[in-house]
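Colleague: Pasting a structure below so you can have a look.
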């Protein structure tokens with residue numbers, strides 16, 4: 001009797017996971033579904049901020065920055081090639097299946113961090129082929145929103161990304177210090193599994209059935225999915241082309257900076273793991289405010305294009321401040337400016353979405369994500385090579401006991417090289 005009751009409960013659960021028309025998902029497709037997927041995915045990765053630094057240094061004790069740049073370079077190049085392809089396929093066969101695919105491969109390397117660091121970094125590199133969740137998510141949001149609602153919706157999704165990083169690095173650092181990295185990896189793995197299950201059971205299809213092919217057996221031309229064909233097609237639209245160039249030029253230095261920034265804070269400025277977690281939380285909180293309230297006000301008052309320009313202005317300021325800053329308080333101040341610059345990506349996504357037809361949202365969002373992926377590869381590789389040229393390596397004890405500043409030691413090293 002108990003066994004029959006369990007089977008009945010399972011059947012009821014499956015029925016709840018189906019919409020009224022018998023299709024998988026909870027309720028009608030909405031921005032809320034996209035928000036939950038993004039939050040869980042990046043919360044899991046945020047937990048690994050501190051263990052990642054440790055494993056990276058232990059696995060590659062020599063030329064750490066260079067190896068980090070090469071790993072991210074391969075991943076970014078694969079993302080650049082695959083994002084338009086996956087976006088085009090999602091325009092044809094629907095978003096849900098490709099969302100499940102991208103989330104799965106983005107989270108797949110997590111459990112390998114403690115099992116086999118070498119396989120972990122190898123899988124991170126090749127996972128770039130499918131780690132393009134944002135392109136599918138933004139196309140998903142475009143499906144369920146009207147044009148005038150998209151900037152706010154994109155801002156909410158981007159703010160969710162920031163929100164996932166508000167507490168997760170601090171939680172990860174605390175668990176790592178108290179119980180070890182293995183527990184952090186286990187918790188991150190469980191959260192990533194929850195994300196995969198959520199997509200599989202609760203996320204409904206957003207692309208209208210009339211816009212999808214009738215079956216997976218229907219053929220799709222390579223011309224439609226080829227990323228370089230998509231690039232050539234985008235090049236015919238001057239607006240989209242200029243947006244793509246803007247994304248490349250703005251995100252390339254930012255991606256390089258981000259790939260080595262937390263190592264820089266620890267190695268050069270002397271931040272502890274707890275301070276880095278607090279820094280990330282501060283930037284995350286301010287980014288949430290910027291990408292929700294400030295973005296909405298800016299879009300209404302000065303328009304989409306000027307909002308992009310404003311975000312780029314903040315970005316130039318924060319990059320310069322990070323570069324010339326030499327004191328911890330300068331890093332905190334520059335972090336606040338960096339949070340304001342986070343309005344650029346949702347504003348750009350809204351701008352390019354308006355330039356595309358409803359049936360091409362996956363392609364154009366894939367183009368933007370692909371270019372960001374390319375920058376995620378080129379930026380870290382470039383920064384890693386620069387660190388390699390100047391022989392900048394991680395030390396086990398970056399904070400000197402004699403009171404000397406790590407920045408001064410680095411400056412002396414660079415001066416000798418020059």
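Every residue, even glycine, has its Cβ placed from backbone N, Cα and C.
From a predicted model like this one, the values you see are computed outputs, not experimental measurements.
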Colleague: State the residue range annotated as transmembrane segment by TrEMBL; the candidates are 217-234, 307-324.
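Modeller: In TrEMBL, the transmembrane segment feature sits at 307-324.
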Colleague: Which stretch does TrEMBL mark as transmembrane segment, out of 353-372, 373-392?
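Modeller: Comparing 353-372, 373-392 with TrEMBL, transmembrane segment matches 373-392.
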Colleague: May I ask which of the stretches 65-86, 93-112, 118-141, 240-265 has the most CB pairs under 8 A with the transmembrane segment (271-295)?
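Modeller: Against the transmembrane segment (271-295), the leading stretch is 240-265.
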Colleague: Any chance you could find the range in 25-45, 118-141, 240-265, 307-324, 373-392 with the most Cβ pairs under 8 Å to the transmembrane segment (65-86)?
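Modeller: Result: 373-392.
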Colleague: Count the CB pairs under 8 A between the transmembrane segment (183-203) and each of 25-45, 93-112, 118-141, 153-177, 373-392, then give me the winner.
Modeller: 25-45
Colleague: Please figure out which one of 25-45, 93-112, 118-141, 153-177 racks up the most CB pairs under 8 Å against the transmembrane segment (373-392).
Modeller: 118-141
Colleague: Six or more residues out from either end of the transmembrane segment (25-45), which same-chain residues have a Cβ under 8 Å from its Cβ atoms?
Modeller: 16-19, 96, 99, 103, 106-107, 110, 133-134, 137, 140-141, 143-145, 153, 156-157, 160-161, 163-165, 168, 188-189, 191-192, 194-195, 198-199, 201-206
